[in-house]
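What follows is a set of notes on a single structure, which appears directly below.
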Amino acid sequence: MAKAPMRVAVTGAAGQIGYSLLFRIANGDLLGKDQPVILQLLEIPDEKAQKALAGVMMELEDCAFPLLAGMTAHSDPMTAFKDIDVALLVGARPRGPGMERKDLLSANAQIFTAQGKALNVVAKKTVKVLVVGNPANTNAYIAMKSAPDIPAKNFTAMLRLDHNRALSQLANKLNKPVADIEKLVVWGNHSPTMYPDYRFATIDGKSVKDSINDAAWNKDVFIPTVGKRGAAIIEARGLSSAASAANAAIDHIHDWVLGTNGKWVTMGIPSKGEYDIPAEVIYGFPVVCENGEYKMIEGLEIDEFSRERMTHTLNELLEEQAGVKHLLS
């Protein structure tokens with residue numbers, strides 16, 4: 001018997017990442033090749049944005065995806081989020097010229113407060129929320145704090161792009177396929193401060209750290225390359241990474257819903273105090289997923305270099321949180 005359709009909301013649906021994301025969701029890449037979906041697409045209530053969204057929906061129709069059971073366009077989160085199973089919060093205020101980081105934080109705080117409140121009222125209480133729009137960890141924190149009736153654990157931020165970037169850098173360094181690498185971790189904020197950590201990683205069952213055996217490469221090449229990869233893409237392409245971000249969002253939700261078969265992945269999730277990260281901070285941690293739930297990998301040894309990096313990215317998150325505290329009622 002055919003499965004009942006799942007409802008997926010995507011915000012910023014006519015944007016660059018949205019355009020790379022929607023066709024893959026409708027093709028079954030997000031929730032499985034046997035799972036029909038209904039897309040509930042949110043854009044700002046601006047005539048140009050709504051018109052662009054109508055054009056994207058025309059293209060989605062023209063693909064005649066067997067799994068696309070329906071789609072609707074919205075300018076209000078209260079209708080866009082009605083009865084949804086999954087929310088991909090992609091739309092965020094980009095940083096404009098001359099804009100201070102604190103201005104960016106407060107502009108996004110307004111967006112994510114409104115969206116969190118709407119999720120709280122109209123979404124399913126089991127909704128799985130992924131924030132892609134930057135600053136992703138703090139935006140996820142704002143949405144979580146604005147939705148007290150939805151479990152905090154349902155709010156996540158996207159660290160999977162950093163995770164995938166780190167995987168490919170290691171695969172290139174070792175001249176091996178990415179699929180052979182397991183147990184990579186990316187700690188912290190989705191920003192250049194995040195800490196990709198391959199101390200536990202294996203390739204074909206052998207230690208990646210022992211295979212590379214180069215602390216200087218780790219510190220001076222690997223970590224900065226992963227941290228600055230987004231900027232390098234803007235420099236090369238003139239536009240920010242959209243297809244790779246959409247791909248990471250698909251990976252994140254796909255694994256959360258359908259499981260990782262014991263493989264470690266990185267998700268930005270609310271801390272419960274693990275690894276001395278204060279409770280409620282949405283921080284990149286290693287997890288495995290099964291039966292629609294993620295479970296943190298606990299008890300990993302944190303050496304001095306790692307603790308320093310983990311604290312550095314934590315401090316940035318705490319600073320961002322402090323910058324929006326007054327905006328959260």
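Each residue, glycine too, has its Cβ placed from N, Cα and C.
Of all Cβ atoms in the protein chains displayed, 30 besides its own lie within 10 Å of the Cβ of H190 (active site, proton acceptor). Feature annotation from Swiss-Prot assigns active site, proton acceptor to H190.
In sequence order, L41, E43, A49, A52, L53, G55, V56 are the residues near A14 (NAD(+) binding site), counting only same-chain partners six or more apart with C-beta under 8 A. Residues or ranges marked as NAD(+) binding site in Swiss-Prot (evidence: sequence analysis): G12, A13, A14, G15, Q16, I17, G18, N108, Q115, V132, G133, N134.
What Swiss-Prot lists as substrate binding site is R95, R101, N134, R165. Cβ neighbours within 10 Å of R95 (substrate binding site), excluding its own Cβ and spanning all shown chains: 15.
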Those binding-site residues of Q16, R101, N134, R165 having Cα within 10 angstroms of H190 (active site, proton acceptor): N134
Spatially closest candidate among G12, G18, Q115, G133, the listed binding-site residues, to R101 (substrate binding site) (Cα to Cα): G133
Least Cβ-crowded entry, counting other Cβ within 10 Å, from the binding-site residues listed as R101, R165: R101
R165 (substrate binding site) versus binding-site residues G12, G18, Q115, G133 - nearest by Cα: G133
Nonlocal residues around Q115 (NAD(+) binding site), in sequence order (Cβ under 8 Å, 6 or more apart): T11, P77, F81, L89, A143, S146
Reduced DSSP assignment, G133 (NAD(+) binding site): coil
Least Cβ-crowded entry, counting other Cβ within 10 Å, from the binding-site residues listed as Q16, N134: Q16
